[in-house]
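J.: Okay, handing you the structure first.
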Amino acid sequence: MAQIIDGKAIAAKIRGEIANDVKILAGQGIQPGLAVVLVGEDPASKVYVSMKEKACQDVGIFSDEHKLPAETSETDLLALIDKLNRDPRIHGILVQLPLPKQIDTEKVLEAISPTKDVDGFHPYNVGRLVVGKPLFQPCTPYGVMIMLKETGVDLKGKDVVVVGRSNIVGKPVALMCLQQHATVTICHSRTRDLAAKVGQADVVIAAVGVPEMIKGEWVKPGAVVIDVGVNRVGDRKLVGDVEYAAASERAAAITPVPGGVGPMTITMLLYNTVESAKRQAIGNRQ
Ligand SMILES: Nc1nc2c(c(=O)[nH]1)N[C@@H](CN(C=O)c1ccc(C(=O)N[C@@H](CCC(=O)O)C(=O)O)cc1)CN2
């Protein structure tokens, strides 16, 4: 049976360290501030935003909430971002995705100052990641990397298969693994013989958003399986992108859903916000 990689426990440990850093900053008269912008009523987004607000409160980060109606225009949202970019109390700006259809997501993400882009989605931060000199790293893939490190997985020379090519998870996690000297294959909906590709992986990272698409029998015995999927099936049940029970029979280690990668996403958001406050404090002193 596989070792369960406990995202909640790893997240709790890192959140303790973050709370400590926030206390040290308070001693210097600095409180990290995160602006959280939610447009519309998407039920999952509302849950994630309230989890982010609570997490901020728990570690002592100032959380500045902006809940806007679904019919908000792109112009109004861009005006709010411009205001937040210039607000010295705010060290991080997060616009919860997805956005309603009338708003151009790329335009909005590009409007956020790269120095407050704690989601790491601005093309400047994406470029920094590509050249191996990251400023802000996107939270979910960053969390995956921390989980692998905490589990003692050394990626050097390993075959990593990433299933999914989203800008939020698939592409950045592939770049991060490459940076750690893994040999990375990115698979997607048009990949031929996905089972064979997954079967060759020392580490499988599933981020495709399809419930239990990665079959347990595909997993190479002894592989490490990281499941980024959070899919709601039926009324309440959450399942990942991997067939958990069957994959656990073969893997050396596996993340559960819930309680795996999910809690790390918000943890790394807190981390990025505190790092941003530290950087801005140094910048102000120079
Ligand atoms: N601006 C952003 N939007 C979105 C991001 C993001 O990183 N930035 N990621 C996802 C959603 N997300 C954070 O926003 C997120 C997803 C899942 C979890 C989480 O803790 N999941 C729990 C289960 C929670 C539940 O009961 O529903 C788990 O897996 O254990 C946190 C954050 C899309 N949008």
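Note that Cβ sites are derived from N, Cα and C of the backbone, with glycine treated the same way.
So TrEMBL lists these for the protein:
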- Gly164, Arg165, Ser166, Val230: NADP(+) binding site (BINDING)
- 5-119: domain 'Tetrahydrofolate dehydrogenase/cyclohydrolase catalytic' (DOMAIN)
- 138-280: domain 'Tetrahydrofolate dehydrogenase/cyclohydrolase NAD(P)-binding' (DOMAIN)
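Distances, neighbours, how buried they are, the whole picture for these features please.
T.: For Val230 (NADP(+) binding site), the same-chain residues 6+ apart in sequence whose C-beta sits under 8 angstroms from its C-beta are Leu238, Gly240, Val257, Pro258, Gly262.
Mean model confidence for the domain 'Tetrahydrofolate dehydrogenase/cyclohydrolase NAD(P)-binding' (138-280) is a pLDDT of 97.
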J.: Scan Gly164, Arg165, Ser166, Val230 for binding-site residues whose C-beta lands under 6 Å from an atom of ligand 1 and note them, or write none.
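T.: So the answer is Val230.
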J.: Ranked by the number of other Cβ atoms within 10 Å of their own Cβ, which of the binding-site residues Gly164, Arg165, Ser166 ranks first?
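T.: Its Cβ has the most other Cβ atoms within 10 Å: Gly164.
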